[in-house]
Amino acid sequence: MAVESAAVGVFDSGVGGLSVLREIRARLPSESLLYVADNAHVPYGEKSAEYIRERCERIGDFLLEQGAKALVLACNTATAAAAAELRERYPQVPLVAMEPAVKPAAAATRNGRVGVLATTGTLKSARFAALLDRFASDVQVFTQPCPGLVERIEAGDLYGPQTRALLERLLAPILEQGCDTLILGCTHYPFVKPLLAELIPAEMAVIDTGAAVARQLERVLSARALLASGQAATPRFWTSALPEEMERILPILWGSPESVGKLVV
(Lines of atoms letter the chains of each structure in order from A and count residues from 1; the text may use other names and numbers.)
(Lines give C-alpha, C1' and ligand atoms only; values in the text may rest on other atoms or scores of the structure.)
Protein backbone atom coordinates (compact mmCIF):
# COMPACT_ATOMS: atom_id res chain seq x y z
CA MET A 1 0.00 0.00 0.00
CA ALA A 2 1.44 3.35 -1.08
CA VAL A 3 1.80 6.02 1.57
CA GLU A 4 1.74 9.80 1.33
CA SER A 5 5.46 10.15 2.01
CA ALA A 6 6.45 7.84 -0.86
CA ALA A 7 7.93 9.42 -3.98
CA VAL A 8 6.46 10.13 -7.40
CA GLY A 9 8.31 8.35 -10.22
CA VAL A 10 8.75 10.29 -13.46
CA PHE A 11 10.38 8.98 -16.62
CA ASP A 12 11.13 9.94 -20.20
CA SER A 13 13.27 8.84 -23.11
CA GLY A 14 15.80 11.44 -21.99
CA VAL A 15 16.03 14.79 -20.25
CA GLY A 16 12.91 16.28 -21.83
CA GLY A 17 10.75 15.10 -18.96
CA LEU A 18 12.67 17.47 -16.72
CA SER A 19 10.37 20.17 -18.10
CA VAL A 20 7.48 18.25 -16.54
CA LEU A 21 9.45 17.54 -13.37
CA ARG A 22 9.99 21.29 -12.92
CA GLU A 23 6.24 21.89 -13.18
CA ILE A 24 5.56 19.15 -10.62
CA ARG A 25 8.13 20.61 -8.24
CA ALA A 26 6.59 24.07 -8.60
CA ARG A 27 3.02 22.90 -8.00
CA LEU A 28 3.69 20.13 -5.46
CA PRO A 29 6.81 21.15 -3.52
CA SER A 30 6.20 18.59 -0.76
CA GLU A 31 6.39 15.64 -3.15
CA SER A 32 9.60 13.61 -3.24
CA LEU A 33 10.64 12.90 -6.82
CA LEU A 34 12.37 10.08 -8.70
CA TYR A 35 13.43 10.65 -12.31
CA VAL A 36 14.65 8.18 -14.92
CA ALA A 37 16.09 9.33 -18.25
CA ASP A 38 16.40 6.49 -20.77
CA ASN A 39 19.15 8.37 -22.60
CA ALA A 40 20.82 5.23 -23.93
CA HIS A 41 17.71 4.69 -26.06
CA VAL A 42 16.81 8.29 -26.98
CA PRO A 43 15.01 9.36 -29.10
CA TYR A 44 11.89 7.21 -28.81
CA GLY A 45 10.26 9.05 -31.70
CA GLU A 46 11.84 6.90 -34.41
CA LYS A 47 11.48 3.54 -32.61
CA SER A 48 8.74 0.92 -32.82
CA ALA A 49 5.82 0.88 -30.40
CA GLU A 50 6.87 -2.57 -29.21
CA TYR A 51 10.37 -1.39 -28.40
CA ILE A 52 9.05 1.63 -26.50
CA ARG A 53 6.57 -0.48 -24.53
CA GLU A 54 9.34 -2.84 -23.43
CA ARG A 55 11.51 0.06 -22.26
CA CYS A 56 8.61 1.65 -20.38
CA GLU A 57 7.76 -1.60 -18.62
CA ARG A 58 11.35 -2.07 -17.47
CA ILE A 59 11.58 1.48 -16.18
CA GLY A 60 8.16 1.35 -14.56
CA ASP A 61 9.13 -1.85 -12.77
CA PHE A 62 12.33 -0.19 -11.55
CA LEU A 63 10.52 2.87 -10.19
CA LEU A 64 8.00 0.74 -8.34
CA GLU A 65 10.91 -1.22 -6.85
CA GLN A 66 12.15 2.16 -5.57
CA GLY A 67 8.82 2.62 -3.80
CA ALA A 68 7.05 5.03 -6.17
CA LYS A 69 3.44 5.75 -5.17
CA ALA A 70 2.55 7.13 -8.62
CA LEU A 71 4.07 7.19 -12.10
CA VAL A 72 4.27 10.06 -14.56
CA LEU A 73 5.01 9.09 -18.15
CA ALA A 74 6.63 12.37 -19.18
CA CYS A 75 6.93 11.54 -22.86
CA ASN A 76 4.33 12.04 -25.59
CA THR A 77 5.76 9.29 -27.79
CA ALA A 78 5.79 6.78 -24.94
CA THR A 79 2.25 7.74 -23.95
CA ALA A 80 1.04 7.00 -27.46
CA ALA A 81 2.85 3.65 -27.53
CA ALA A 82 2.52 2.36 -23.99
CA ALA A 83 0.15 4.23 -21.64
CA ALA A 84 -2.75 1.79 -21.95
CA GLU A 85 -0.51 -1.22 -21.38
CA LEU A 86 1.19 0.41 -18.40
CA ARG A 87 -2.14 1.14 -16.73
CA GLU A 88 -3.01 -2.55 -17.05
CA ARG A 89 0.40 -3.58 -15.74
CA TYR A 90 0.30 -1.26 -12.71
CA PRO A 91 -3.31 -1.12 -11.51
CA GLN A 92 -2.09 -0.49 -7.96
CA VAL A 93 -0.68 2.99 -8.67
CA PRO A 94 -2.03 6.02 -10.53
CA LEU A 95 -0.33 6.75 -13.85
CA VAL A 96 -0.40 10.22 -15.38
CA ALA A 97 0.58 10.43 -19.03
CA MET A 98 1.21 13.11 -21.67
CA GLU A 99 -0.53 13.98 -24.87
CA PRO A 100 -0.20 16.93 -27.24
CA ALA A 101 -2.37 19.88 -26.22
CA VAL A 102 -4.80 19.61 -29.11
CA LYS A 103 -7.89 20.52 -27.08
CA PRO A 104 -6.55 23.78 -25.57
CA ALA A 105 -4.94 24.74 -28.87
CA ALA A 106 -8.20 24.26 -30.77
CA ALA A 107 -9.89 26.47 -28.20
CA ALA A 108 -7.15 29.11 -28.31
CA THR A 109 -6.73 29.58 -32.06
CA ARG A 110 -8.31 32.69 -33.51
CA ASN A 111 -7.88 31.90 -37.20
CA GLY A 112 -8.48 28.14 -37.05
CA ARG A 113 -4.90 27.20 -38.00
CA VAL A 114 -2.81 25.22 -35.52
CA GLY A 115 0.75 23.96 -35.96
CA VAL A 116 2.19 20.94 -34.15
CA LEU A 117 5.85 20.19 -33.51
CA ALA A 118 6.28 16.58 -32.37
CA THR A 119 8.18 13.37 -32.97
CA THR A 120 7.38 11.10 -35.88
CA GLY A 121 6.14 8.46 -33.44
CA THR A 122 3.65 10.80 -31.83
CA LEU A 123 2.33 12.16 -35.11
CA LYS A 124 1.84 8.68 -36.61
CA SER A 125 0.10 7.28 -33.54
CA ALA A 126 -3.54 6.27 -33.34
CA ARG A 127 -3.76 8.23 -30.10
CA PHE A 128 -2.84 11.48 -31.85
CA ALA A 129 -5.28 10.78 -34.67
CA ALA A 130 -8.01 10.24 -32.09
CA LEU A 131 -7.16 13.57 -30.43
CA LEU A 132 -7.55 15.36 -33.76
CA ASP A 133 -10.87 13.66 -34.47
CA ARG A 134 -12.20 14.48 -31.02
CA PHE A 135 -11.02 18.04 -30.49
CA ALA A 136 -9.82 19.53 -33.77
CA SER A 137 -12.50 18.71 -36.32
CA ASP A 138 -13.30 22.41 -36.76
CA VAL A 139 -9.71 23.65 -37.18
CA GLN A 140 -6.89 23.03 -39.63
CA VAL A 141 -3.91 21.27 -38.07
CA PHE A 142 -0.49 21.34 -39.71
CA THR A 143 1.94 18.79 -38.29
CA GLN A 144 5.73 18.92 -38.44
CA PRO A 145 7.91 15.98 -37.38
CA CYS A 146 11.14 17.18 -35.80
CA PRO A 147 13.97 14.70 -36.35
CA GLY A 148 17.15 15.95 -34.74
CA LEU A 149 15.60 18.41 -32.30
CA VAL A 150 15.53 16.06 -29.32
CA GLU A 151 19.20 15.30 -29.92
CA ARG A 152 20.13 19.00 -29.89
CA ILE A 153 18.33 19.47 -26.58
CA GLU A 154 19.86 16.30 -25.12
CA ALA A 155 23.24 17.84 -25.91
CA GLY A 156 22.30 20.97 -23.97
CA ASP A 157 22.31 23.10 -27.12
CA LEU A 158 19.26 25.26 -26.45
CA TYR A 159 20.37 28.43 -28.18
CA GLY A 160 23.23 27.65 -30.55
CA PRO A 161 23.40 28.18 -34.31
CA GLN A 162 22.71 24.53 -35.15
CA THR A 163 19.55 24.47 -33.05
CA ARG A 164 18.47 27.83 -34.45
CA ALA A 165 18.93 26.67 -38.04
CA LEU A 166 17.06 23.43 -37.34
CA LEU A 167 14.13 25.25 -35.71
CA GLU A 168 13.95 27.77 -38.55
CA ARG A 169 13.65 24.91 -41.04
CA LEU A 170 11.06 23.04 -38.96
CA LEU A 171 8.94 26.13 -38.35
CA ALA A 172 8.94 27.34 -41.96
CA PRO A 173 6.01 25.19 -43.19
CA ILE A 174 3.90 26.08 -40.14
CA LEU A 175 4.58 29.79 -40.51
CA GLU A 176 3.86 29.61 -44.25
CA GLN A 177 0.40 28.23 -43.42
CA GLY A 178 -0.31 31.24 -41.20
CA CYS A 179 -0.84 29.28 -37.99
CA ASP A 180 -1.54 31.46 -34.96
CA THR A 181 -1.15 28.68 -32.38
CA LEU A 182 1.73 26.23 -31.91
CA ILE A 183 1.61 22.97 -29.97
CA LEU A 184 4.87 21.69 -28.48
CA GLY A 185 4.13 17.97 -28.68
CA CYS A 186 7.28 16.69 -26.97
CA THR A 187 8.46 17.31 -23.42
CA HIS A 188 11.93 18.25 -24.69
CA TYR A 189 10.66 21.21 -26.69
CA PRO A 190 9.75 23.66 -23.85
CA PHE A 191 13.49 24.01 -23.24
CA VAL A 192 13.84 25.90 -26.53
CA LYS A 193 10.93 28.29 -25.87
CA PRO A 194 13.26 31.31 -25.55
CA LEU A 195 14.72 30.56 -28.98
CA LEU A 196 11.28 29.85 -30.42
CA ALA A 197 10.14 33.27 -29.25
CA GLU A 198 12.74 34.85 -31.54
CA LEU A 199 11.58 32.84 -34.56
CA ILE A 200 7.77 33.13 -34.46
CA PRO A 201 5.37 36.09 -34.50
CA ALA A 202 4.91 37.71 -31.10
CA GLU A 203 1.17 37.07 -31.22
CA MET A 204 1.55 33.31 -31.82
CA ALA A 205 0.35 31.25 -28.84
CA VAL A 206 2.70 28.44 -27.76
CA ILE A 207 1.08 25.62 -25.81
CA ASP A 208 2.62 22.67 -23.98
CA THR A 209 1.21 20.34 -21.33
CA GLY A 210 3.71 20.28 -18.46
CA ALA A 211 1.61 22.43 -16.13
CA ALA A 212 -1.54 20.47 -17.00
CA VAL A 213 0.21 17.21 -16.11
CA ALA A 214 1.24 18.63 -12.73
CA ARG A 215 -2.37 19.64 -12.07
CA GLN A 216 -3.61 16.18 -13.06
CA LEU A 217 -1.05 14.55 -10.78
CA GLU A 218 -2.29 16.72 -7.92
CA ARG A 219 -5.87 15.63 -8.64
CA VAL A 220 -5.13 11.90 -8.73
CA LEU A 221 -2.95 11.98 -5.62
CA SER A 222 -5.60 13.92 -3.75
CA ALA A 223 -8.32 11.50 -4.85
CA ARG A 224 -6.32 8.61 -3.38
CA ALA A 225 -5.29 10.52 -0.25
CA LEU A 226 -1.65 10.32 -1.38
CA LEU A 227 -0.68 14.01 -1.36
CA ALA A 228 2.49 14.55 0.63
CA SER A 229 2.93 17.23 3.25
CA GLY A 230 6.01 18.64 4.91
CA GLN A 231 9.54 18.49 3.56
CA ALA A 232 10.28 16.66 0.32
CA ALA A 233 13.29 14.38 0.11
CA THR A 234 16.17 15.26 -2.21
CA PRO A 235 15.20 14.25 -5.76
CA ARG A 236 16.92 11.16 -7.14
CA PHE A 237 18.00 10.75 -10.74
CA TRP A 238 19.04 7.80 -12.91
CA THR A 239 20.10 7.45 -16.53
CA SER A 240 20.60 4.43 -18.76
CA ALA A 241 23.50 6.27 -20.45
CA LEU A 242 26.54 7.91 -18.84
CA PRO A 243 25.72 9.48 -15.45
CA GLU A 244 28.40 12.13 -15.90
CA GLU A 245 26.73 13.33 -19.10
CA MET A 246 23.41 13.82 -17.35
CA GLU A 247 25.17 15.44 -14.39
CA ARG A 248 26.63 17.94 -16.86
CA ILE A 249 23.24 18.94 -18.25
CA LEU A 250 21.16 18.93 -15.06
CA PRO A 251 22.29 22.41 -13.95
CA ILE A 252 21.13 23.74 -17.33
CA LEU A 253 17.74 22.02 -17.52
CA TRP A 254 16.88 21.33 -13.87
CA GLY A 255 18.54 24.36 -12.34
CA SER A 256 20.85 22.72 -9.84
CA PRO A 257 23.62 20.10 -9.81
CA GLU A 258 22.58 16.60 -8.77
CA SER A 259 24.22 13.20 -8.56
CA VAL A 260 22.92 10.66 -11.07
CA GLY A 261 22.76 6.89 -10.71
CA LYS A 262 23.33 4.35 -13.46
CA LEU A 263 20.18 2.50 -14.56
CA VAL A 264 20.71 -1.02 -15.85
CA VAL A 265 17.41 -2.50 -17.02
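For all residues, glycine too, the Cβ spot is worked out from N, Cα and C.
On a predicted model such as this, the values are computed, not experimentally measured, just so you know.
These come from Swiss-Prot:
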BINDING   Asp12, Ser13, Tyr44, Gly45, Asn76, Thr77, Thr187, His188  substrate binding site
ACT_SITE  Cys75  active site, proton donor/acceptor
ACT_SITE  Cys186  active site, proton donor/acceptor
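Around the Cβ of Tyr44 (substrate binding site), the number of neighbouring Cβ atoms within 10 Å comes to 29. Site extent for substrate: the farthest pair of Cα atoms among Asp12, Ser13, Tyr44, Gly45, Asn76, Thr77, Thr187, His188 sits 12 Å apart. It is 6 Å from the Cα atom of Cys186 (active site, proton donor/acceptor) to that of Asn76 (substrate binding site). Other than the site residues Asp12, Ser13, Tyr44, Gly45, Asn76, Thr77, Thr187, His188, same-chain residues with C-beta atoms no more than 8 angstroms from the centre of those residues' C-beta atoms, the substrate site, are Gly14, Gly16, Gly17, Val42, Pro43, Cys75, Ala78, Thr119, Thr122, Val150, Cys186.
Under the DSSP three-state reduction, Asp12 (substrate binding site) is assigned to strand. Long-range Cβ neighbours of Gly45 (substrate binding site) (same chain, at least 6 residues apart, Cβ-Cβ under 8 Å): Ser13, Thr77, Ala118, Thr119, Thr120, Gly121, Thr122, Pro145, Cys146, Pro147, Val150, Cys186.
It is 5 Å from the Cα atom of Asp12 (substrate binding site) to that of Cys75 (active site, proton donor/acceptor). Cβ contacts within 10 Å of Ser13 (substrate binding site), excluding its own Cβ and spanning all protein chains shown: 34.
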